[in-house]
Amino acid sequence: MKSVQFCFLFCCWRAICCRSCELTNITITVEKEECSFCISINTTWCAGYCYTRDLVYKDPARPNIQKACTFKELVYETVKVPGCAHHADSLYTYPVATECHCGKCDRDSTDCTVRGLGPSYCSFSDIRE
């Protein structure tokens, strides 16, 4: 019986601790209007689960803030998009997360929606690696 309890507690601990908010590698699609195609770039972003709850009774004095896995620290890197016209600005700057935490989603810098375009969206038909 104790081994069953231990296994249950171990599985719960693993589900909570090992799926926390952490840095992960992703591929994003970058596009420049002047270049008429997209390229894929590997970068680092935050992903994982954060403890959150939704109150049954809404209290106007206590705002309900859902925590999301988001960046705590960012740096920016710049890549040159190959094949652009000579008159076009071929440099593209993108964010790279260096530290993550569970916190309020900043709508000024992050797509906080459930149904965003996603990192692989390209408005052009030509995607280059």
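Cβ from N, Cα, C; glycine included.
What Swiss-Prot records for this protein:
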DISULFID  CYS21-CYS69  disulfide bond
DISULFID  CYS35-CYS84  disulfide bond
DISULFID  CYS38-CYS122  disulfide bond
DISULFID  CYS46-CYS100  disulfide bond
DISULFID  CYS50-CYS102  disulfide bond
DISULFID  CYS105-CYS112  disulfide bond
CARBOHYD  ASN25  N-linked glycosylation site
CARBOHYD  ASN42  N-linked glycosylation site
SIGNAL    1-19  signal peptide
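Proximity note: of the listed disulfide-bonded residues (CYS69, CYS105, CYS122), CYS69 have a CA within 10 Å of the CA of CYS46 (disulfide bond), given in sequence order. The DSSP secondary structure for CYS84 (disulfide bond) is coil. In terms of C-alpha distance, the listed recorded positions ASN42, CYS69, CYS84, CYS105, CYS112 place CYS69 closest to CYS50 (disulfide bond).
Within 10 Å of CYS102 (disulfide bond), counting C-alpha to C-alpha distances, fall the following of the disulfide-bonded residues CYS21, CYS69, CYS84: CYS21, CYS69. Relative to CYS69 (disulfide bond), the disulfide-bonded residues with Cα atoms inside 10 Å are CYS100, CYS105, the candidates having been CYS38, CYS100, CYS105. For CYS38 (disulfide bond) paired with CYS84 (disulfide bond), the C-alpha to C-alpha distance reads 11 Å.
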